[in-house]
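First the structure, in the form of structure tokens, and then the observations on it.
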Amino acid sequence: MIVKNRLPSRKSHPIVTQSPPRIASTIPPFFLVLLMSETDLLLNEGVKKYSTPSSRIMAAEIQENGSFGSSATRALGMKNMRRDDAADTSVSYDVPANLDCEEPLPIVLSQYEDFHTIDWQRDLARDRLRHKFIKKKNRESIGSFLTGLVDAGSGWICVLFVGLTAGVVAGLVDISTRWMSDLKEGVCPDAFWFDREHCCWSANDTLFYGDKCNAWHTWPELFGHYSEDGFAYFVEYWFYTWWALGLAGLAAIFVRIFAPYACGSGIPEIKCMLSGFVIHGYLGKWTLIIKTIGLVLAAASGLSLGKEGPMVHLTCCIGNILSYLFPKYGKNEAKKREILSASAAAGVSVAFGAPIGGVLFSLEEASYYFPLKTLWRSFFCALIAGLILKFINPFGTDQTSLFAVDYPMRWSYIELIPFIFLGILGGVIGTIFIKCNICWCRYRKTSSLGHYPIAEVLIITFITALLSFPNEYTRKSSSSLISQLFNRCGPEEMSELW
């Protein structure tokens, strides 16, 4: 039978209370060299070879902490050293209940437990010991030297893979969102995988009035009703509402059943994890898959939400998954935060088309541990993600962002008056919105509505669809509406906005 005991507590583990001379007498000097190498192979060989429990406990402490623990320092006579993680209960050891001091002690090291904080000093000390061991091994053979070079460049390779994957995922999300959003109003019969804009482009019908073209068919037109009367309006209203309910309902069901951690924007949790908190599964594969699908469905349903926050969560999931390809980062939580910081920068880059803005966001808002090398790697990761997104060209404008401003005309000083008024109005509306949002969140926690998240999503989606369809401006998706508001209204450009 295996029971969980905490090595830092001597009362719960009687073996640790053995006297220091007895411990030192049972550990050969060359075994300490094997312990300092901090490799699993050498540790396992030492655990199997030496049957003294205290020596194997010391080996486990050095392997886990990257430095000599309490029993090890007593064995070496270092009275001035203290164990930094004496009160850390986030690392557990599996010890047999019926332990015999003369039999081998199978100590199994585990990772940080869920909802615990990492030990920055311990993990960084382990990384320094690993560097010393690699530098020592580099002198032995050419293969070890090449392995050291790969290990030194693994950080750049990892952020390169993160940037490539983040750009591809962002492009797929943008294309899928626009296509599903247009499904609420109609479909392209000749190529159902085209959204309305690409459908008209493929038919060479680029000059169309009122955002209509012959290649795109609304839902009443698919049923053979081409006149714009009350029946056509009712059919469009009905399809718009049910498509919105179906998309939002599927997103809520997927998140509820398969990945509860995929809910919300994810930025507060990402900032918490970058500061050293551990949440198992929050950056896992299922969270990445369900978050991607749910983001497309929720954004296409017409709800008043965007993909900027969730994209940071998605890219951090990508960074966490790819970090396990490199033991330097996958097995060290402190070093893994460097990859997550670069991933957060890539998320802002693909969401807004701003690589430098992504780096500043990761530096100023998200990251707790941000060394200089992480700054350059974050910029490199954000730049690669932006270039991949521009190559995919999901908006058809050869730009990484949907909202691009190009106004060569000079502005006059009299325009500062309405600008000031707009700024004041925006601040007042933003304050009112934040207060209303806080009150709504408090109501959800105290009422029975918060216990039925799927029903809550369906009710909000139904009300949003009913109120959005009668107005031509709110009927469009938020990204499409803002894109048209940013464009210049010239004689060659036609839209329902002018």
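Glycine residues also receive a Cβ, built from the backbone N, Cα and C atoms like all the rest.
Pulled from TrEMBL:
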type	residues	note
TRANSMEM	145-173	transmembrane segment
TRANSMEM	240-262	transmembrane segment
TRANSMEM	283-305	transmembrane segment
TRANSMEM	339-363	transmembrane segment
TRANSMEM	375-392	transmembrane segment
TRANSMEM	413-434	transmembrane segment
TRANSMEM	449-469	transmembrane segment
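Ranked by Cβ pairs under 8 Å to the transmembrane segment (145-173), the stretches 240-262, 283-305, 339-363, 449-469 are led by 339-363. Pairs of Cβ atoms less than 8 Å apart link the transmembrane segment (283-305) most often to 449-469, out of 339-363, 413-434, 449-469. Proximity of distant same-chain residues to the transmembrane segment (449-469), defined by a Cβ-Cβ separation under 8 Å and at least 6 residues beyond the stretch ends, is recorded for 236-237, 240-241, 244-245, 248-249, 251-253, 256, 263, 301-304, 443, 475.
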